[in-house]
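According to Swiss-Prot:
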ACT_SITE  LYS168  active site, proton acceptor
ACT_SITE  HIS287  active site, proton acceptor
BINDING   ASN116, THR166, LYS170, ARG288, HIS320, SER372  substrate binding site
BINDING   LYS194, ASP196, GLU197  Mg(2+) binding site
MOD_RES   LYS7  N6,N6,N6-trimethyllysine
MOD_RES   LYS194  N6-carboxylysine
SITE      LYS327  site 'Transition state stabilizer'
Amino acid sequence: KASVGFKAGVKDYRLTYYTPEYQTKDTDILAAFRVTPQPGVPPEEAGAAVAAESSTGTWTTVWTDGLTSLDRYKGRCYDIEPVPGEESQFIAYVAYPLDLFEEGSVTNLFTSIVGNVFGFKALRALRLEDLRIPPAYSKTFQGPPHGIQVERDKLNKYGRPLLGCTIKPKLGLSAKNYGRAVYECLRGGLDFTKDDENVNSQPFMRWRDRFVFCAEALYKAQAETGEIKGHYLNATAGTCEEMMKRAVFARELGVPIVMHDYLTGGFTANTTLAHYCRDNGLLLHIHRAMHAVIDRQRNHGMHFRVLAKALRMSGGDHIHAGTVVGKLEGERDVTLGFVDLLRDDFIEKDRSRGIFFTQDWVSMPGVLPVASGGIHVWHMPALTEIFGDDSVLQFGGGTLGHPWGNAPGAVANRVALEACVQARNEGRDLAREGNEVIREAAK
């Protein structure tokens, strides 16, 4: 009787995929998963199951396994540690060989690592906490179209955070009135105004009309203030072709920056747009609409720092990153952790800030973090202290809510910002004297 060389049937994952003696390679992509196994499932088996199902494995041995080198291609769970203070939660560290992923494709990276495993029966919950992207892989990405330094040079704005404002009411204005609101804000002293993430091309305001009126507002404000101004024209659309059509039109109008919702639009569309922006000198502002669907649960989904790393590879010059002080959730150290991951070239492993791996970006351009959502002029000292110069501070209601109107609201924000930056440069302690600084400036 002929034998095929292996026994049929269900096989424990940990026999193949749990390898505590494995030494990680410099080219491996490393992942830290927070695993909550079902009762009765040992953590090694749960960790190995994640490694298997997100790389080469399936639930049984198949005869085609003999046609490839599993040792070369399999993901490996190489370490497991309990999560302090949590019952039956573990951090499983998984190493993936570089060759499992297509070069320059965030889409493929995510399809592999988080594509299938999250519905797995052996797990009660699963969260991807962090990824280490090796230089061998990150170098296959173009990254941000321009990055922080080039953006400052284009705008001729140095030594301070940039100021933005989302135009409200977000839906319902006509294009002409929308342009008017943009003009008032920019004239008052803001650097940027922004389309809301859900302003695309609706019946009350078609995209082309909005683009034209916003460009007019921009040029008028530029002429009056002598400063370079921008408005994030949202190019997000139902199809990639339509998105590119909008980006091309923005370029023809000569505006400096366009915008994209990268999670709802998808990484494929985002990377396409980022390449176009680099080739055509457009800055790219990224909004993270839908992120909380993915990242808000503590024990399931994916931490925002992973989405932030993915965006830096896919490409964007600004990305929304929480405020630490406004209306939306975000803890200070953890937020600062992924803010540094966006801006800096080299970030040390630091568990207190939620950073599981040392990340070296090998000179990939940085992304400006955008603080937006429920912040106003009294937050200015805290914001300048927390985010430093390389950031964009966006006040929607905090500008447009000024009782005298948009332009005075914009003036108030700009004055407050300049006062805080000056106070900081003079060595004053913003945490203690912040309110005093703002009061003095308000005179």
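Any Cβ shown, glycine's included, is placed from N, Cα and C.
Since we're looking at a predicted model, the values are computed, not measured.
For ARG288 (substrate binding site), the number of other Cβ atoms no farther than 10 Å from its own Cβ, over all displayed protein chains, is 24. Looking at ASP196, GLU197, the binding-site residues in this record, the fewest other C-beta atoms within 10 angstroms of the C-beta turn up around ASP196. Residues LYS194, ASP196, GLU197 make up the record's Mg(2+) site, and a Cβ search at 8 Å around their centroid adds THR166, ILE167, LYS170, ASP195, ASN198, VAL199, TYR232, ASN234, MET259, HIS287 from the same chain.
Max Cα-Cα distance over the annotated substrate binders (ASN116, THR166, LYS170, ARG288, HIS320, SER372) is 37 Å.
Recorded residues ARG288 (substrate binding site) and GLU197 (Mg(2+) binding site) have their alpha carbons 9 Å apart, per Cα-Cα distance. The closest partner of LYS170 (substrate binding site) among the recorded positions, by CA position, is ASP196; the full candidate set was LYS7, LYS194, ASP196, GLU197, HIS287.
Using a 10 angstroms CA-CA radius around THR166 (substrate binding site), the recorded positions that qualify from LYS7, LYS194, ASP196, GLU197 are LYS194, ASP196, GLU197. Cα spacing between HIS287 (active site, proton acceptor) and SER372 (substrate binding site): 10 Å, rounded to the nearest whole number. Note: the CA-CA distance between GLU197 (Mg(2+) binding site) and HIS320 (substrate binding site) rounds to 11 Å. In this view, THR166 (substrate binding site) is surrounded by 24 other Cβ atoms within 10 Å of its Cβ, with every protein chain counted. Neighbour counts were taken at the CB atom with a 10 A radius for the recorded positions LYS7, LYS168, LYS170, LYS194, HIS320; the maximum falls on LYS194. Sequence-distant contacts (6 or more apart, same chain, Cβ under 8 Å) of ASN116 (substrate binding site) comprise GLU53, SER54. With respect to their backbone Cα atoms, ASP196 (Mg(2+) binding site) and LYS168 (active site, proton acceptor) stand 8 Å from each other.
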